[in-house]
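Report on the structure given below.
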Amino acid sequence: MTSYLIRGARILGGEPADLLIRDGRIAEPGGAADETIDGTGLVALPGLVDLHTHLREPGREDAETVETGSRAAALGGYTAVCAMANTSPVADTAGVVEQVWRLGREAGLVDVQPIGAVTVGLAGERLAELGAMATSAATVRIFSDDGQCVADPRLMRRALEYVKAFDGVIAQHAEEPRLTEGAQMHEGEVSTRLGLTGWPAVAEEAIIARDVLLAEHVGSRLHVCHVSTAGSVEVLRHAKARGVRVTAEVTPHHLLLTDELAASYDPVYKVNPPLRTAADVQALREALVEGVIDIVATDHAPHAVEDKECEWAYARPGMLGLETALPIVLSVLGERWELIADRMSRTPARIAGLDGHGGSLAVGDPANVTLVDPAARRQVDAAELASRSRNTPYAGMTLPGRIVATFLRGEATVLDGKAVK
Ligand SMILES: NC(=O)N[C@@H](CC(=O)O)C(=O)O
Ligand SMILES: [Zn+2]
Ligand SMILES: [Zn+2]
């Protein structure tokens, strides 16, 4: 196995130091290595961990595969991703989660941790075989019907109770379906002006409020996907103050983009939950810094051209995220490296139970590392992305922070900003 000496990189943004990667681990610096990398001006972070990725395999390999999504993740500085269950067939059995897990191992670019569905076929009627997925080779700990809300409170309660046995967590897509029928964008001034049916903030907030109460009642773990409103932040703040075991994520796009973009009628901006107002964006940023929102998760949602480049009303919701997440977060938070490492690596690894990820790059840790050049600015070119899909809302934007290298357990997956395999 090739050993790497990274000279003079700022580890988690600290003073320049040498970092030695040998036999899959961070080693005591000193002595030679097979390869030397000049780390001057670079920042070394623990490999990023994405709790919310759509890889589309099985079923929509034309939009993304485990391999192409893994490559996009590595290029974005990730060493682990959690793959959502809304594939075709749905990842609601041990067989499907094991298939995704195995495909991830074969690609070998990031650790792919499958998420299992909460209900059979995401239909919201019967609980899926949560226990069989938990004890499968994929050792599933996160369950989610993402794309759909587990709207039935009795099913949600039973799912929360069930996963307690193995310290699992239910990741909820918080959307009261009766309040979002026909919804096209955030309900507010812009939707009124454009004449598009609105997706009101309360549809998200009402489910989060219900679910934190359910989680408190059964003493179980809840994770809230893609929090998008200032009101949701207040509900979460209240729940955390009461000691509810709830964690929450925000996406890069909800930290940057607003509902005004819908005025272009370009479906690249159509997403669930929808882009919200500038006041919501501000509240989400503050909540992330404060820790009321625990992590950044991409909700990387690749879609084929025919599903995205059509009339707004017919376009699928969702946007790419893996290859641009760190640059977006850097431009939003600035160079707060400890904070970035916590919100994009340490805490997501802890929530997902991914041992070996989210470390502090201490001697002896598995060498899951990403090297970033914060000074480099890069214009996003959709054609250059490793994802099989092209639905990035950032095309043409110039963003800070280039991922120079990524190491998965000591093996380079990205070098010189290029995928190694
Ligand atoms: N975020 C989206 O708009 N779409 C996601 C589903 C989801 O995360 O709800 C998808 O699977 O495309
Ligand atoms: Zn969702
Ligand atoms: Zn999603």
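Note that Cβ sites are derived from N, Cα and C of the backbone, with glycine treated the same way.
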Zn(2+) 1 binding, same site as HIS52, HIS54, ASP299 - TrEMBL member from ASP145, ASP146, ASP211: ASP146
Site-mate of HIS54, LEU55, ARG56, ASN272, HIS303, PRO317, GLY318 for substrate in TrEMBL, selected among ASN86, ASN368: ASN86
Same Zn(2+) 2 site per TrEMBL - residue from HIS173, HIS186, HIS300 joining ASP146, HIS226: HIS173
C-beta crowding around ASN272 (substrate binding site), within 10 angstroms: 19
Between GLY318 (substrate binding site) and ASP299 (Zn(2+) 1 binding site), the C-alpha gap once rounded to whole angstrom: 8
Entry from the binding-site residues list ASP146, ASP299 having the most other CB atoms no farther than 10 A: ASP299
Binding-site residues near ligand 3 among LEU55, ARG56, ASN86, ASP146, HIS173, ASP299 (Cβ under 6 Å): ASP146, ASP299
